[in-house]
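Peer 1: Before anything else, here's the structure in question.
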């Protein structure tokens, strides 16, 4: 009975707790004030944790949504939420998601698959022929304003509600929908072509009868596929064989994870040993693989061959996989397909990023809702003044239709076209070459930023690693003393070579050392340097690649002498970490060169040209959790087995033997801005290694909890290791980082640096880059692990004023768990914040916290795959295409090539985009309000009749050819030159207050519209003769001229295209007068009376506004006008 009692019984009524893990932040926790962190359960099921995390994300919204009820909520989007919820329930009811399971795949026998797997077809299309029109219409009419215009247009089919010609209302709506449909159709055709091109690619499929050609879309689970060099891998596969003698190949993964370095993949040993390809069908073998998952960096599976006695079992890991969307870089590979279609890693990781909506769009939406309310109120007032006579509800709806132009239907089209123009200008700017706009809907966000969250490595720094320091505990070597290390290496290997050439003669060695005491010291230093350099040259995942080998030339790796191929000048090093490449290049510079590497051995070339061979027994790759990597090698000459390991100081401190210098020297190097690695070794006997190998192989064959079991076995070996050295690698700053950060700081942008590096290194880079000024105090947040410590440290931080904050990821996690609001409030008051040891999840969490607790816009910038979540979470994401690949660049809204380009991107293009869109939006709304004011005046004078003032082509032409081009030309306007905007970044600070588009400016434009509309209408009524048609001709012509003059008075910097737009619009109107005899009296509009009446009305409507603008600019000029003058 005792076996059935759980060790940690948990009552069902216990309070909700969160999974506590240093690698991922606990986001939400409900507990009492007196709770103790030590009383929390250490583990929680993955499902429970995900539920707990999602509860945190949805709980605040749930509380808010409870208050969002009623008519206002429904009109502002509640109807859309309700419809979407109903559709989602219907979809889930009709089509349940298939449960993913582990599977057994037989080599070359897809018919043996127990289940039906997805078709291997790439489908990025949103619609098909049947669903295109309904789908696009739904996407448009799910917005309230578009639905409103549709209802207004449909109302014209009702005779009692009809105001004028049908095309008066249907033509603008049709134009907007046509533009949208054409744009969607073009994008859909492009997606269809790309999908068809990818799905039609031919691959060689291995069958019993030989090779056959098969399309990518026809590949099935269990097929044996042959992939040539430089060919894309069509589906997720297990690597079985290769044409390379080494049994391995390189793949390029830049389209999968964004990393440009080649990755080494290893074929299954059992199938690699088969004599010919056809033998794959003569064996009975299968692979058992885990269910499809998102993680592209891990894999668990087993290979089994049954036709042997005993059966052969091999464990499979990430090194045996070939994921789809990667490219074979060397040789020809054969693999068995295990996942296809939507179950492939690349497809599962392709998620739709959130549709980012700019702050300006949200502000315009609020203004249009205010206009809608004003339209309804105005219609009610007109009906009330009419006395609610007759069918007043019908008249109410007719007035709503008459005043529908208050809400401009062309607003969205104009803004979208303007955004496209801004994107084109950004990409054509020669001062920021290589800049790409990937999200064209938010260029105005670049002009409203308050917080900039930046990565360090590769963003502020060049990601160009240079070896700078080697510390042995008692002696340190820098760049100016590397020749001493080189001389020690030459001496050490010269002695070894001399001893080997003289055989077992013992007399030759003392003859070289006539002074016993001194040589003992030199020998001690030389041997320590020798061991350290050898460990650095062996402990890595770097592979030397020669141009001749990549191109297919077969070199003999078994050569034991200095080979011509080994001295090839075209040798390059491939590795997933630039730090490792820097270390290997340094060992080459001091005399110990890595010349060859395959699956089983490493070869080093000594300064004398001798080739030393080391057999690779085991490799333990670097992971973000372990923060270290190791290798076990056997030296060919002596047979000695040595376990080498290197890693971060926090991971290695508890592994190496006791010492009194490691922690201090790590801090010293970090203060110099160096990235540190601790190197250690451990000698193993044959018995020790055999015992370890047996336990390790048994753990690797486990399907369940394999990683935990393997880690436990490896940790049993990581004890009392001998500390060899500490290395320091420098990552130099990007060009013009200091002036760029100074520019951003003067623009009122607060800069937060989020990095995974250690605290000392991050602080040093913050100082050297002038992120933190040298005379500014820095508060280093002490490590905290519980609520009490966090409370005390926050109180200490609260007493500091105007100081930069430096905090680690672990302490940040504790603060956010207990004092989220208080911490964010204090941190936002700091001029700069540095968060070190941050995980990618924490970076994104910090972005979301700033969005939730402040009303300001955030921008995230980075260059690596670990920055993608932060970039996608920010209001504006900027990616740098750098050494770590293109993943951040591809996921970002804007892509740049250097950090310094962000200055011009924000100060010039961001500022101009915001001010231009603000002016464009208000002008389009002004164009609708002025004609609605004229309609209101006209109806009020003629006994509140719901009769249109203008009909037919006049209304259509007014919103299109007569005024569209001059108004849209505002996207070319600029208040100051780009040089002045960069010289005076304080101009950018004014934009964050949103004064260019606010309720104040909106009310000013409303008053202008009422004044001008009243003047135009009353003037035309006062000056007209006996014919009503004269009122229409005078008022409409004056309206067109007023709009053109208002645009001209608003422009601050003229462009030749603006002049052309004005002339074209005026010419179009004058030319159309000959065809408007249905609306105008042609004999009247050619008289002088018509001309002077139009001129007087136009002058009265515009001149007072110009005088007021001139006086305001003279006595209270804006900041930009002071610079432009």
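Sequential numbering from 1, following the chain as shown.
Yeah, the Cβs are placed from backbone N, Cα and C, and that goes for glycine too.
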Peer 1: Answer with yes or no whether Swiss-Prot records residue 688 and residue 1023 within the same membrane-side topological domain.
Peer 2: no
Peer 1: According to Swiss-Prot, region 'Disordered' applies to one of these ranges: 422-447, 448-473, 474-499, 500-525. Which one is it?
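Peer 2: It is 500-525 that Swiss-Prot describes as region 'Disordered'.
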Peer 1: For the region 'Disordered' entry in Swiss-Prot, name the matching range from 529-551, 552-574, 575-597.
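Peer 2: Feature region 'Disordered' in Swiss-Prot: residues 552-574.
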Peer 1: Which listed stretch (132-152, 396-415, 1089-1109) has the most C-beta pairs under 8 A with the transmembrane segment (952-972)?
Peer 2: 396-415
Peer 1: Taking the Cβ of residue 867 (Mg(2+) binding site) as the reference point, list residues of the same chain whose Cβ is under 8 angstroms away and which are at least six residues distant in sequence.
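Peer 2: In sequence order, 455, 459, 840, 843, 860, 861, 879, 888 meet the Cβ cut-off.
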Peer 1: List the Cα distance (Å, whole number) between residue 676 (ATP binding site) and residue 863 (Mg(2+) binding site).
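Peer 2: Cα to Cα, residue 676 (ATP binding site) and residue 863 (Mg(2+) binding site) are separated by 21 Å.
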Peer 1: Determine, from DSSP, whether residue 756 (ATP binding site) sits in helix, strand or coil.
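Peer 2: DSSP assigns residue 756 (ATP binding site) to coil.
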Peer 1: Six or more residues out from either end of the topological domain 'Cytoplasmic' (973-1001), which same-chain residues have a Cβ under 8 Å from its Cβ atoms?
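Peer 2: Answer is 359-360, 363-364, 367, 447-450, 743-744, 746-749, 856-857, 903-904, 906-908, 910-912, 914-919, 921-922, 1050-1053, 1055, 1058, 1119-1121, 1123-1124.
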Peer 1: Please identify the stretch among 370-390, 396-415, 1002-1022, 1089-1109 with the greatest number of Cβ pairs below 8 Å relative to the transmembrane segment (1031-1051).
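Peer 2: Ranked by Cβ pairs under 8 Å, first place goes to 1089-1109.
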Peer 1: Decide whether the stretches the transmembrane segment (1089-1109) and the transmembrane segment (1002-1022) have at least 3 CB pairs under 8 angstroms, with pairs required to be 6 or more apart in sequence.
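Peer 2: They are in contact.
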Peer 1: Please tell me whether the transmembrane segment (162-182) and the transmembrane segment (132-152) touch - that is, whether there are at least 3 C-beta pairs under 8 Å between them, with each pair 6 or more apart in sequence.
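Peer 2: Judged by the Cβ rule, the two regions touch, with the required three close pairs present.
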Peer 1: Applying a 10 Å Cβ distance cut-off over all chains shown, what neighbour count does residue 457 (ATP binding site) have?
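Peer 2: Total other Cβ atoms inside 10 Å, all chains included: 27.
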Peer 1: Which sequence positions outside the topological domain 'Extracellular' (153-161), separated from its termini by at least 6 residues, show Cβ-Cβ distances below 8 Å to it?
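Peer 2: Residues 168-170, 173, 391, 394, 397-398, 401.
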Peer 1: Can you give me the same-chain residues 6 or more apart in sequence from residue 756 (ATP binding site) with a CB-CB distance under 8 Å?
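Peer 2: In sequence order, 457, 836, 837, 838, 839, 866 meet the Cβ cut-off.
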Peer 1: Residues of the same chain, at least six outside the transmembrane segment (1056-1076), with any C-beta under 8 angstroms of its C-beta?
Peer 2: 953-954, 957, 961-966, 968-969, 972-973, 1037, 1040, 1044, 1047-1048, 1082, 1085
